[in-house]
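Data first, discussion second: the structure below is written as structure tokens.
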Amino acid sequence: MKPEELKGKVASVIGAGKSGVSAAGLLARAGARPFLSEFGAVSPEAAATLRQLGVPFEEGGHSERVFEAALCIVSPGIPQTVPVIREMHARGIPVVSEIELASWFCPARIIGITGTDGKTTTATLLHRICAAEGERKGFRAFSVGNIGIPFSSEVPGMTAADIAVLELSSYQLEACFDFRPNIAVLTNVTPDHMDRYGGSIEAYATAKYRIHARQGAGDTLIYNHDDPILRAHFDRSEPWPFRLVRLGLRAETLDVAPGDFVSVEDGEIVVRASGSTERLMRVDEIMKPGFRGEHNLYNALSSVAAALAAGVAPETMRGVLAGFGGVEHRQELAGNACGLNWINDSKATSVNALRQALQSVPAGMVLIAGGRDKGNDYSAIADLVREKVACIVAIGESRRKIADAFRGVTPVVEAASLAEAVELARQNARPGASVLFSPACSSFDMFRDFEDRGRQFKQLVRELT
């Protein structure tokens, strides 16, 4: 839809979180007539913003008024299966996401990043690369989306010269229909959010694939060729309508087929584009205590591939990659206390993210895990846990499930709070060992979000010292 088509139209916004309030503001500035409806309570901050914008709203349920609309914008935390959204569909009212809405207004080049793991790190690193290039060439880079800043709040300040780096969750992509990123990145697909997708990895992957549904000539799709689900999806005989760039950790596995790729050979990042190969920099120039492990090498390759597709100079990438120290709450060293190394990996909200953390931390660790379960299957990491973990401290709503899953694999103790978990970890850890806080679950049972969870963990570690 074109922005001018919204003028004078009633648009219902479902959900009063950051993205919902920002979407309402964008609609109001476009001359539409937004109405926001929140099933729960609207926060005082959101209510004040809506009043300032002149946007009417309701809370404590959805009235008939929400259906008196030409368009519905749904917040990412609201499934398509809830009654209000099902009724929207039944009445023929188009339902789109805040990402879709904001994209109608976006003059900037869009780089979209999705996947089960690595989205935030890749988006953060890529944004820093693009921002550094922008300082040289006179454009701005914006970091928006699932990273915490609504796309719709920033899009009014963008120009055609700028780059918008979007971290995109499956929830945000579900209701995207005309969204067309110039460059799309798929980091990996492993089971996650199975509670939302009825236990179907296929349904979850389908939501992720919406990132390239509207891509065409002139666009680029970058994917992890080492991921079996993505490889099966993209390796087909008929050509895709967009440029395809593969990435992987072994150049020899990619060099057997034509096409562009980014990989590693003899300890160096290598890039093949338009038939020629270039060596960018050594891997050991990138890896450091806050940015280590195979998964972060994939994140670096994804960022390099996307930056090259956006026309960023290799020297800009080298400078940013050499100085990048990682992202908060992602295998972040929280401190050394009581003779132990405490690692904050609060962003690990899936089993695969936990697997990556376990592979990066020395054996003999104590693992603190648990939270609100998302349909997790822990059997796939049982052997790795047996090899690497001396004791698990299970917390949150899923603590009993975790205890049952690892019974006979490694000792498990349960904690009623994060503070108790930290104390139990201290008691059960051997001198010099690591304590890894990698929940593999969402945070909403005990915390506001994963950031709140990670900061509370770091505060508890500071108190130990």
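Every residue gets a Cβ built from N, Cα and C, even glycine.
Features as listed in Swiss-Prot:
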{"type": "BINDING", "residues": "Gly115, Thr116, Asp117, Gly118, Lys119, Thr120, Thr121", "note": "ATP binding site"}
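In this structure, the binding-site residues under consideration are Thr116, Thr120, Thr121, and the one with the smallest number of other Cβ atoms within 10 Å of its Cβ is Thr120. Residue environment of Gly118 (ATP binding site) contains 26 other Cβ atoms, counted within 10 Å of its Cβ in all protein chains. Spatially close to Gly115 (ATP binding site) yet at least six residues away along the chain are Thr122, Val185, Leu186, Thr187, Asn188, Val189, Lys208, Asn224, judged by Cβ distances under 8 angstroms. Under the three-state DSSP scheme, Thr121 (ATP binding site) falls in the helix class. Neighbours of the ATP site: apart from Gly115, Thr116, Asp117, Gly118, Lys119, Thr120, Thr121, residues of the same chain with C-beta atoms within 8 angstroms of the site's C-beta centroid are Ile113, Thr122, Thr187, Asn188, Asn299, Ala353.
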